[in-house]
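S.K.: First, the structure itself, so that you have it in front of you.
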Amino acid sequence: MILGDRDLKYYLEKGWIKVEPIYGDSVRENGIDLRVGNEIARFKKTDKVFDPDNPDYSFFDVQRGEEFIISPHEHVLLVTEEYMKLPNDVMAFVNLRSTFARLGLFIPPTIVDAGFEGQLTIEVVGSSFPVKIRRGTRFLHLIFARTLTPVENPYQGKYQGQKGVTIPRFKL
């Protein structure tokens, strides 16, 4: 079952779903919009090979700021302003807001698992021209779905509780 605006307001009021900060225009007809945060991680251009068994995080350049320019076809990791927490019977589909998709920006299919808590880090792929994004701009739209029963194994992965832009983590 997809949660509509009334459902979402009720879940937020009861504290079953937490999104902080939440703004007057965040809850939409069938989801919640999330905003651009203050950090981005750029993928450095290199001919070196990244080895997940021996991760070298110098491949990433983490930047803080109020605005960012995403270069043509550049891949970046972007953090949301909001910190969220989902109950064990709600998951969310992450979508790019249509306005940014119409500019040629792209995000891969992304799901927020039931039981997740933290800020979202999302991959964004640049358009055919540079695009400026500003902190606080509504950028993502989350569609929440309730599972028929609470999940048996709520999310407890390596990104649980993440704050700030989070580069890939590998268990060694």
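Glycine is no exception: its Cβ is also placed from the backbone N, Cα and C atoms.
According to Swiss-Prot, the protein has these features:
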ACT_SITE  Glu123  active site, proton donor/acceptor
BINDING   Arg97, Ser98, Thr99, Phe100, Ala101, Arg102, Asp113, Tyr155, Gln162  dCTP binding site
S.K.: What's the longest C-alpha separation between any two of Arg97, Ser98, Thr99, Phe100, Ala101, Arg102, Asp113, Tyr155, Gln162, the listed dCTP-binding residues, in angstrom?
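M.R.: The dCTP-binding residues span at most 32 Å between Cα atoms.
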S.K.: Of Thr99, Gln162, which of the binding-site residues has the most Cβ neighbours inside 10 Å?
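M.R.: Max Cβ neighbours within 10 Å, all protein chains included: Gln162.
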S.K.: Measure from the Cβ of Arg97 (dCTP binding site) and count the other Cβ atoms within 10 Å, all protein chains considered.
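M.R.: Result for Arg97 (dCTP binding site): 16 neighbouring Cβ atoms inside 10 Å.
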S.K.: Return the single residue from the recorded positions list (Asp113, Glu123) that has the minimum number of other CB atoms within 10 Å.
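M.R.: Among the recorded positions Asp113, Glu123, the sparsest Cβ neighbourhood within 10 Å belongs to Glu123.
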S.K.: Give me the count of other Cβ atoms within 10 A of the Cβ belonging to Ala101 (dCTP binding site).
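M.R.: Here the count is 13.
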S.K.: Check Arg97 (dCTP binding site) against DSSP and tell me helix, strand or coil, would you?
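M.R.: Once the DSSP labels are grouped into three classes, Arg97 (dCTP binding site) ends up as coil.
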S.K.: Please report the three-state DSSP label of the residue listed as 'active site, proton donor/acceptor'.
M.R.: strand
